[in-house]
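Structure record follows, encoded as structure tokens.
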Amino acid sequence: MSFFKAENLAIYFGGVKAVDGVNFEINQGECFTIIGPNGAGKTTIFNLISRIYDSTEGTMTFDGQDITKVPPHAIASLGIARTFQNIELFEHASVLQNLLVGRHCHSKTRLLSELAFLPSVRKAEVAHREKVEEIIDFLDLQHYRESLIMNLPYGVRKVVELGRALCTEPRLILLDEPSSGLNVEETQDMSFWIDDIKKDLGITVLMVEHDMGLVSEVSDQVLVLNYGRMLAFGSPQDVQNDPEVIKAYLGE
Amino acid sequence: MRFLFKTDYDQDIRIAKHSGYYWSYGLLLLIVFAAPFFLEGYYIGQMTQLYIIAMAGVGLMLLAGYTGLVSLGHAAFFGIGAYTEAVLTSNGVPLPFMDEPVVFPFFLSMPLAAIFAALAGVAIGVPVLRLTGIYLAIATFAFALVIEEILSRWESVTNGYTGLLVESLYVGDLELTDGAPFYFLCLGLLIVVLLMSINLLRSPTGRAMMAIRDSEISAQSMGVNLARVKTTAFALSAGVTGLAGALFAHKLGFLSPESFTVFQSLELLVLVVVGGIGSLHGAIFGAIFVLALPQGLAILKDYLPTSIAETPGMEPFIFGLILVLVIIFEPYGIYGRWLKIKHYFQMFPVYKKATFKRQKAYMKSERLK
């Protein structure tokens with residue numbers, strides 16, 4: 001039984017077949033990467049998995065459960081977290097508050113007890129904070145705890161977004177271009193973290209990435225998309241030597 | 001300068017972050033509680049009105065400032081609260097199994113007024129769930145017009161333009177809705193509303209509201225149920241504004257639909273923006289501004305040449321002008337300016353102007369909507 005499985009996944013926007021009959025399986029504990037030229041449908045697949053879009057056809061199963069029709073806000077509590085290509089952080093809030101929002105799917109306090117801030121709410125808040133501090137330690141964000149996102153440099157925001165996704169305690173994490181906009185050193189850090197997420201935290205990683213150095217360093221399997229269709233699949237080395245892939249990227 | 005050494009997570013959760021809070025807010029509380037013993041009746045009335053408007057402002061702030069849903073129709077909730085209070089406490093309401101119409105005591109009628117307004121908030125909040133920005137403003141604006149029309153046409157209940165007399169409330173021999181007792185009632189309720197708002201904002205629902213304000217899409221991916229949190233925000237906001245409306249009914253003593261027009265809604269929006277969007281302090285500062293400006297203008301008129309002073313539409317013009325100027329030069333309003341002044345003194349010799357320099361963001365081009 002595979003951990004995550006997409007069968008015949010498709011979405012059409014009018015006549016545009018953004019994703020067209022894609023099949024793939026992700027095993028627990030691996031790093032699965034989707035690559036492809038611009039407009040290949042990589043981010044669209046992410047938006048399908050996080051249920052922002054309704055798929056036209058096909059099914060998705062996560063850990064034995066059909067998630068094709070699950071409402072988008074319920075995805076996080078099932079154990080799937082994501083980051084965004086163009087950072088979607090809460091700009092007017094501090095790093096700490098952003099990470100605490102990541103704990104939202106685990107909060108069980110009710111509105112009336114929150115309005116009175118009963119001791120149970122306080123206790124839950126401290127428990128969330130402890131979990132958030134673990135992530136802050138993991139990603140070395142201590143220095144930025146109180147800073148507002150709008151005052152942070154791009155590289156740090158990228159890490160905060162990764163941290164926010166980790167705060168949901170996911171079992172599958174979707175990383176949409178984790179290295180975009182990062183310099184060489186930051187990309188190296190990111191690859192260490194992805195490795196740690198996989199090995200130390202035991203979280204399965206699904207990522208979209210363009211930097212082939214990073215891809216071959218951390219991925220176990222690579223899926224290549226072009227115009228919404230599957231072009232190749234295999235280990236990073238196999239894929240890079242595939243003549244079809246070279247053709248799609250470089251042309252003939 | 002003050003350095004905070006944090007040794008406990010509770011320090012970040014507490015309302016009073018350091019000992020300075022006890023001094024400054026303690027002093028403020030002392031002043032407002034002692035004020036009616038020193039002030040004349042007129043000023044007590046003005047302060048009471050300030051608390052009522054501030055409470056309505058807090059209501060709109062929860063929605064516009066914290067959830068990012070701009071409402072141009074808050075006068076409607078204000079009006080619903082006011083009329084509910086007036087009807088419940090004056091002639092009474094015929095209820096089943098009762099021979100005579102039931103007149104509610106204030107400790108029941110005021111929560112009921114808030115609940116009615118909150119229900120109206122849900123009624124408008126649910127259909128406009130998918131609207132944001134200008135479209136939401138238009139929808140709430142239309143809602144306010146509808147409510148205004150209902151208030152003027154439903155004559156069997158509201159008396160239409162003839163107006164509705166609001167009875168004074170008594171506890172024993174003490175008249176609750178006038179002078180110092182009413183002052184303390186409004187002040188007490190404002191403090192309760194503020195404390196509840198602070199509590200909300202430091203708990204998961206409040207954070208979810210702010211998350212929706214900044215990025216709906218990622219809030220959703222973090223497990224925030226957009227429909228539920230937005231409806232909650234609408235209900236709370238309308239409920240608080242409705243409670244303020246209930247107090248306002250007693251302040252006016254006589255209700256007519258003209259007291260709850262679009263101009264009122266705009267005034268509340270100006271309050272929120274000029275006070276400082278996204279802060280509870282802003283609601284209080286904004287209320288002071290909204291209350292003081294017409295009086296300031298009235299005084300100013302004496303010194304202006306008649307041709308300018310007597311121009312019709314002078315007041316709305318000044319209101320609009322100030323709104324535009326604030327949005328351009330001080331987007332965080334009076335509270336933003338207050339923070340800067342405070343920062344200047346905290347940092348005294350080494351204050352740098354660049355600390356609050358606004359940065360331009362270039363990252364928003366490809367946002368998912």
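A Cβ is built for glycine as well, from the same backbone N, Cα and C atoms used for every other residue.
Any TrEMBL annotation is an automated prediction that lacks curation.
The annotation transmembrane segment is assigned in TrEMBL to B:20-39 (among others). Long-range contacts of the transmembrane segment (B:20-39) within the same chain, counting only residues at least 6 positions beyond its ends with a Cβ under 8 Å from a Cβ of the stretch, are 2, 47, 179-180, 183-184, 187.
Marked as transmembrane segment by TrEMBL: B:51-83 (among others). Sequence-distant neighbours of the transmembrane segment (B:51-83) (same chain, 6+ residues past either end, Cβ-Cβ under 8 Å): 113-114, 116-117, 120-121, 124, 132-133, 136-138, 140-148, 151, 157-158, 164, 183, 186-187, 189-190, 193-194, 197, 200-201, 206, 209-210, 212-214, 229-230, 233-234, 236-249, 251-252, 255, 257, 259-266, 268-269, 271-272, 275, 277-280, 282-284, 286-287, 290-291.
Long-range contacts of the transmembrane segment (B:103-126) within its own chain (CB-CB distance under 8 A, at least 6 residues past either end) are made by residues 73, 76-78, 80-82, 84-85, 88-93, 139-140, 143, 147, 169, 176, 189, 227, 230-231, 233-243, 245-247. Residues annotated as transmembrane segment in TrEMBL: B:103-126 (among others).
What TrEMBL records for B:133-151 (among others) is transmembrane segment.
Residues or ranges marked as transmembrane segment in TrEMBL: B:182-201 (among others).
The feature transmembrane segment is assigned by TrEMBL to B:268-297 (among others). Same-chain residues lying 6 or more positions outside the transmembrane segment (B:268-297) and placing a CB less than 8 Å from one of its CB atoms are 46, 49-51, 53-54, 56-58, 60-61, 64-66, 70-72, 74-75, 78, 194, 197-198, 201, 213, 241, 314-315, 318-319, 322-323, 326-327, 331-336, 338.
What TrEMBL records for B:317-335 (among others) is transmembrane segment. Note on the transmembrane segment (B:317-335): residues 266-267, 270, 273-279, 281-282, 285-286, 289, 293, 297, 358 of its chain, located 6 or more positions outside it, place their CB under 8 angstroms from a CB of the stretch.
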